[in-house]
C-alpha cells in the first residue's frame, strides 16, 4: 500500500502499486489528461511506470520545464518513426534534447534535401493525429541487443555495448518503431502538437571526423502554438542578424578552409577591432593596469608546472624545435606569473594588475567552430591581479564597477551575475575558501546587485563570478569573469615579502571583461545588426556629391574630416543621388552628408542619419561638434 506524498504535503494511500497517470486521475480528469510524466523522490519517470513504495511525487505537465524537455525528446523519436516509414536503409544514431529544441543524427546513403525535410514534417503531423500510445518496454541488455540486431540498427548496438550488464534498458515503442532512451517520454502523441523541423546539417558519429558521416535533422517544439510562433520569429530575426552573413555583406571578416577557426580581418572589421582595443586600453590605464606582452610559443615544461599540460594537452597546438617541444599558448596566466616573478615583490607593491591583449590558440573540434563565436585563435582582454587575501574584496568590487561601465558603453543594460563556490575536489584550506567566498559575496551585496548562487560550480583552485549579457533577442552571452586562484601562484612559485619579512604566495585573480575580442565583436554585429554606433562604425560619415561639379568639394571636405581624426569616405560616382543614398544606407554608415550646389555655396553639407532623419545643414565646425557628441555617447542607451 504505497503512501504518495504530493507537493502540497497532502497524502494519498493506494491499495496496490500505482502509476503517475493513476495518481493524476485520482486528483482530477483534467490533470490526468495533461500529465506527461512524474518525479518520484526527485527522479523523473514515465507516467505509466508502477510506483510500489511510499514516495514523494510531483506530476509533470507541459507547463513544467521538465515537461517541455520531455515533449522535445519525444519529438526526436517521432523523427525516427517518420523517416523509417519513408526511407529504406536508414540507421538511427542519437537524438538528444538541446536548448529550445532537439535533433536526430541519422545514417543514410541518400542525401536529405529541404524537400525531404518537408516530407518528414508532414509524416510526423500525420503520425501525431493518430494519438497512439507510446509504450515503454524495460528489457535486459541481452533483449535490447536482440531487438536492435533484428532491426539492423548498428549505432544503437554500439551504444548498448557501453551499457553495464546489470539493470534494465528502456525501449520506447512508437507503433512499429522502437527506439532506446533513458526517458521519460510522453504517454501518448496527443501531447505532441506544436513543432517545426528547422534545418539539416552534417555531423559525425561521436563527433569524430574519422567516424561515419551522419545527417542531422534539427527541430523545435513548444507547449503552445504562440510559443512556437514567437520562437520562429526570434529565429528569423537571429538569422537576419547572423554575424557570419553580415560579416560577409559588410566586408568585416572571412574564414577560409586553409585556416579553420582563424579570422581574416578585412579593413572594416579591423577598424572595429582597433577601436575596441583602444577603448579597453584607455579603461585599463585609467584603472592602474600595467599592459604587458608575452610569448606565443612556450616550452612545455612551463605548462607541466602550471598543470595545463596534464589537463589541456589535447586542446593545445604544439611545435618542436631543437629537440624541445613548445605549446602555442592556450591561455596567458602562466606567462603573467613569469613577469610577476621578475624581481623581489613587497606587500607594499600589491596589488599588481598585469593586463595583456593576449593572442591564444586552442585546438577546438572542427564541428564546434562557429564564425567569430567559436574560434581556434582569439585575443583575450586578459588581466591578472596579484594581491593579498585581504585585498580580494576591494579588487573584486572595483572590477564589478568596471564590468558594468564597459557593458553599458555598448548598450547592454541587463547583466546576469552568477557566483560559483567550492567544488568537492579543491585545493587550498577551508579558511581561505571561506574568506574568498565571503569577499566575493560582500563585493556583490555591497552594490545591491541581484545574483545567482551556483554551489559547487567553482574551479578546483577558487571561487568565481561570471557576468553574462542579455542581447536584443533575449539571448544570454557569458563574457566577463573574475576568478580567485590559490593554486597557480604556489605551483609557479610566485611570492612576495610580507610585513613580517616572510615570503608568502599572493592570491591571483584571473579576470576578463569582453572574454575574447572575436566573440564580443560577433555579439556586437548581431546586437546592432551591423548598424554600429558612430564611435565603432568602420566609416562614421560618407560624403555624396550630387553632380560632378561637387566632387572637388566632397574630396576637400573628406580630407579635412579625416585629418581631424574622424573616419570619412566619399562617393563621387556618376550616379543619381538617390542611388548613392540607398547604397550608403545599405552600407550602414551612420551619417550621410550630401553636397550639391546650394551646400557648396555656403561651405556646408546637408546631413541625414542612417534611419533617414534629416538633421539639417552643417558647416564643418558644427559637424565636428555633432560627431563629437555622438561619439562621446558611444552605444549607451541612456
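Cβ coordinates are placed from backbone N, Cα and C, and glycine is handled just like the others.
Look at Swiss-Prot and you will find 333, 384, 510 tagged as Zn(2+) binding site, backed by sequence analysis. Per Swiss-Prot, the feature domain 'TGS' maps to 1-61; the stated evidence is sequence analysis. Taken from Swiss-Prot, the feature region 'Catalytic' covers 242-533.
Counting residues of the domain 'TGS' (1-61) by DSSP class, helix then strand then coil, yields 14 helix, 22 strand, 25 coil. Residue 333 (Zn(2+) binding site) has a Cβ environment of 21 other Cβ atoms inside 10 Å. Sparsest Cβ environment among the binding-site residues 384, 510 (other Cβ atoms counted within 10 Å): 510. Confidence for the region 'Catalytic' (242-533), expressed as mean pLDDT, is 94.
The record gives 333, 384, 510 for Zn(2+). Within 8 Å of the mean position of their Cβ atoms, the other Cβ atoms in that chain belong to 331, 332, 336, 382, 383, 483, 485, 488, 508, 509, 511.
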